[in-house]
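Visitor: This is the structure I have questions about; it appears just below.
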Amino acid sequence: MKEYDFIAIGGGSGGFNAARVARGITDSVAVVDGAEELGGLCILRGCMPSKTLIYSAEVLHLAQNAKKFGLNIPNATVDMPALHQRKVETIKEFSDYRVEAMRSRKYDLYRSFAKFIDSNTIELSDGTQLRGKKFIIGTGSKVSVPPIPGLDHEEIWTSDTVLDLDFLPESAIVLGGGVVACELAQFLNRVGSKVTQIQRSPHILKDQAPDVSETVEKAFRDEGMDLFTGTSLKRIEKTDDGFKVVFDQGGFEKAATAKYVVNALGRTPNTQNLGLEAAGIELLPNGQIKTDEHQLTTNPDVYAAGDCAGPFEIVHTAVLQGEYAARHALKEPSSVFGPLNYDHMLDVVFTDPQVARVGLTQKALDERGIEYITADYPFDDHGKSILMEAKYGFVRLFGEKPSGRILGAEIVSKDAGELIHALSVAVSNNLTAADLLKTHWYHPTLAEIISYPLEDIVDEL
Ligand SMILES: Cc1cc2nc3c(=O)[nH]c(=O)nc-3n(C[C@H](O)[C@H](O)[C@H](O)COP(=O)(O)OP(=O)(O)OC[C@H]3O[C@@H](n4cnc5c(N)ncnc54)[C@H](O)[C@@H]3O)c2cc1C
Ligand SMILES: NC(=O)c1ccc[n+]([C@@H]2O[C@H](COP(=O)([O-])OP(=O)(O)OC[C@H]3O[C@@H](n4cnc5c(N)ncnc54)[C@H](O)[C@@H]3O)[C@@H](O)[C@H]2O)c1
């Protein structure tokens, strides 16, 4: 039986990056991945294809609103086959690069699903057995199908389908109000579908501050989307020309019809059929693999990273978790890379306006009893955003009292995902509002808006 120092089960962002770091420490590394197409979710059916399409839709939206900018761009419309082709070519470049790295002689690559048969042995589909001194599980997640009558109809779309469209759907109902639902609903609406979005909670993006969600909701409605919130899904019926979605809202039964339905009701970790019991690996009640701060599972030789382990389903956390786990497993201490500090968490929603957040939220600050100052500033009163016709949203900072340390920030605006990084540097490095005010904030930029709430915090202290 072949034995390795380190085996990655899954070659996505978590598993592959763990293997890459492990290979810098030992020559004995294998990657086992059962996917038909190598590359992982982010490259093939997640971040990269969605952001490629969303960027095109943003360009189209700007062109369709050309009059606001004193321009005349007649008939700006989508060319779905061309959009699709651009996505295919862009993604191929990213996936070719990843596949080349995986196929290089650096790793032994096994194209198979794996399952544990004991604490240090896995079995592949053809019966091959591999022993590992250390393992990482990075098996990702799959679309979840909650038990709503009709939701399991084979013609109901998921994010995979929307990201692969080469024609314009005349209408679509997007179920859910999470990140996938919001990003894809606005994409479909902007390219020209009639979109209805149905969300269970009182607001879309329910984990964000209510006024953040309300800003995005206003933008969606201003763009012509039908948005129902505070609903309970009852059933989905197939009709002659599409689907009917029946739901409750405020005690009344309502229905929406469209040619297509997109299930964006969340994802569930890929932790089934992995033989986890045989290896003594425990799950959390939500199906994620239980890990400690070192990404170690309840088996002392097996680590887990990415969507299968949580607590977030975000690429950079999957990468950092995988890299750190490999160093920890192979006893390569690092003064730079330690366990992840989720108090510095960064996340971005690629709607327009974008939603970006770093550090502690107001809710977390209150729960921990931390004394803080809140300062915010709106984009409809800022020079650069006014000239860009990008007036939705605001920046909000949370400064610790009395130190002035920036503990958290949220931005909802055009390109908030770029702007937030200045504050991410501050949060991760314990910088104060006064430290940040020593920075040169260039005029006129969107970023200089951050200096106004910083001044408020310094003044108030
Ligand atoms: C539409 C969409 C858009 C997204 N956009 C963003 C974004 O903009 N930014 C962001 O940060 N995140 C985004 N995400 C989330 C991000 O894509 C995931 O968090 C990330 O890709 C997860 O990486 P992973 O390594 O955990 O899993 P994956 O990349 O899914 O890798 C898992 C691998 O394990 C393999 N595997 C599974 N079971 C086995 C087994 N038993 N044996 C062997 N191999 C196995 C699979 O074949 C797969 O290749 C998006 C997700 C979606 C769905
Ligand atoms: N920009 C990004 O970083 C990005 C983009 C896309 C996805 N992702 C990641 O992918 C993960 C999956 O995203 P997602 O949007 O699929 O999941 P999610 O968990 O964020 O959202 C699921 C949505 O479905 C709703 N829902 C779930 N069950 C329901 C039911 N039975 N009835 C009615 N509504 C129900 C929830 O209320 C929620 O609105 C996220 O955690 C996110 O981190 C990130």
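Note that Cβ sites are derived from N, Cα and C of the backbone, with glycine treated the same way.
Keep in mind that what you see is a predicted model, and the values were worked out from it rather than measured.
Annotations per TrEMBL:
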ACT_SITE  H443  active site, proton acceptor
BINDING   K51, T139, G140, S141, D307  FAD binding site
BINDING   G176, G177, G178, V179, V180, A181, C182, E183, G266  NAD(+) binding site
DISULFID  C42-C47  disulfide bond
DOMAIN    5-322  domain 'FAD/NAD(P)-binding'
DOMAIN    347-450  domain 'Pyridine nucleotide-disulphide oxidoreductase dimerisation'
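Map the listed features onto the structure and describe their local environment.
Guide: H443 (active site, proton acceptor) falls within neither a helix nor a strand when secondary structure is assigned with DSSP, and so counts as coil.
Reduced to three states, the DSSP call for G140 (FAD binding site) is coil. Taking the Cβ of G140 (FAD binding site) as centre and 10 Å as the limit, one finds 25 other Cβ atoms among all the protein chains shown.
Taking a C-beta cut-off of under 8 Å and a sequence gap of six or more, V180 (NAD(+) binding site) has these contacts in its own chain: S159, A264, R267.
Non-local neighbourhood of C42 (disulfide bond): G12, S13, M48, V315, A318, each in the same chain, at least six residues away, with C-beta under 8 Å from its C-beta.
Restricting the average to the domain 'FAD/NAD(P)-binding' (5-322) gives a pLDDT of 97.
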Visitor: At a 10 Å cut-off from the C-beta of G178 (NAD(+) binding site), count the other C-beta atoms across all protein chains.
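Guide: Neighbour count, Cβ to Cβ under the 10 Å cut-off: 20.
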Visitor: Give me the Cα-Cα distance between T139 (FAD binding site) and G266 (NAD(+) binding site), rounded to a whole Å.
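Guide: With distance taken Cα to Cα, G266 (NAD(+) binding site) is 17 Å from T139 (FAD binding site).
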Visitor: For ligand 2, which among the binding-site residues G140, G176, G178, V180, G266 have a CB under 6 Å from it?
Guide: G176, G178, V180, G266
Visitor: Quick one: of the recorded positions C42, G140, G178, V180, D307, H443, flag those whose CB is under 6 Å from ligand 1, and say none if nothing qualifies.
Guide: C42, G140, V180, D307
Visitor: Out of G176, G266, give me whichever of these binding-site residues has the highest number of other Cβ atoms within 10 Å.
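Guide: Counting Cβ neighbours within 10 Å, the top one is G176.
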Visitor: In the structure shown, with every protein chain counted, which of the recorded positions K51, H443 has the densest set of Cβ atoms within 10 angstroms of its Cβ?
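Guide: That would be K51, with the most Cβ atoms nearby.
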